[in-house]
Amino acid sequence: RCTSLFSSFGFLEHKNHATPIYVINLLISDLLQLCSLIVWLVPHESGKLNDVFFYVYFLGEMASVGFMVCVALERYLVITHPLWYRFSRSIKISGVVCVVVWLLPLIYLIPFFLGVKRLIREIILGVYHMLPLPLFIFFLGGTLKALLAASRIPATEKRRILGILVLVLLNYLFLFMPSVIWSLIETTRKNKIFSYTSYVLLYCSPLADVFLYVFIRKGVVDNLLASLCCCKMDNGSVEATSAATV
């Protein structure tokens, strides 16, 4: 987890970027999930204590989904509307957005105190997690289209931006979609294997964000891709030499 922390604060050093407030909040939400999950899953004599950490866990989990959308939206705006993004962004606006994202989980947590039926709560949770999917696809498609037409952006920067968006989308599809299916389709809730699998994948989502922090850290992905390209070039040279020798 230290890698995530250093990657996030390393991103702060770049003068060409605004303060990555969404990334920092995503990190906080991940830490909330991990800490509350450890306590929540440990048996306690007091059921109320488990309930408290259950609420804290889903506060962090649902907030993390919102901040992933914010990160993807920010990368999309940087490429598709660079001038507007450069002159319109501000810490104040980002702060307001963060407050709204932290309040969104209340649409799932408040029904617990109102005695709303479990089926309705599961539908609320499933719909909440399903809504980001079209946004992630739209951001990725729009960014890819803009990058193909942009000739002034370095190839390394293009790869890094696309890498962030692709990773966010894959992270969502692999870790969150099973929970969406479980929440919205009643037959899947009766399948114990699918239920346990969806729980485990959801619990692993904070750990998967480590890779997102690494991608955001400029230079790490560039070096990795450069190494892969060098390996491919070396392999191609060896094959060409072997063919010439034969």
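Note that Cβ sites are derived from N, Cα and C of the backbone, with glycine treated the same way.
What TrEMBL says about this protein:
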- 1-213: domain 'G-protein coupled receptors family 1 profile' (DOMAIN)
- 21-42: transmembrane segment (TRANSMEM)
- 54-73: transmembrane segment (TRANSMEM)
- 93-114: transmembrane segment (TRANSMEM)
- 126-149: transmembrane segment (TRANSMEM)
- 161-184: transmembrane segment (TRANSMEM)
- 196-216: transmembrane segment (TRANSMEM)
Top partner of the transmembrane segment (126-149) among 21-42, 54-73, 93-114, 161-184, 196-216 - counted as Cβ pairs under 8 Å: 161-184
Mean predicted confidence [pLDDT] for the domain 'G-protein coupled receptors family 1 profile' (1-213): 83
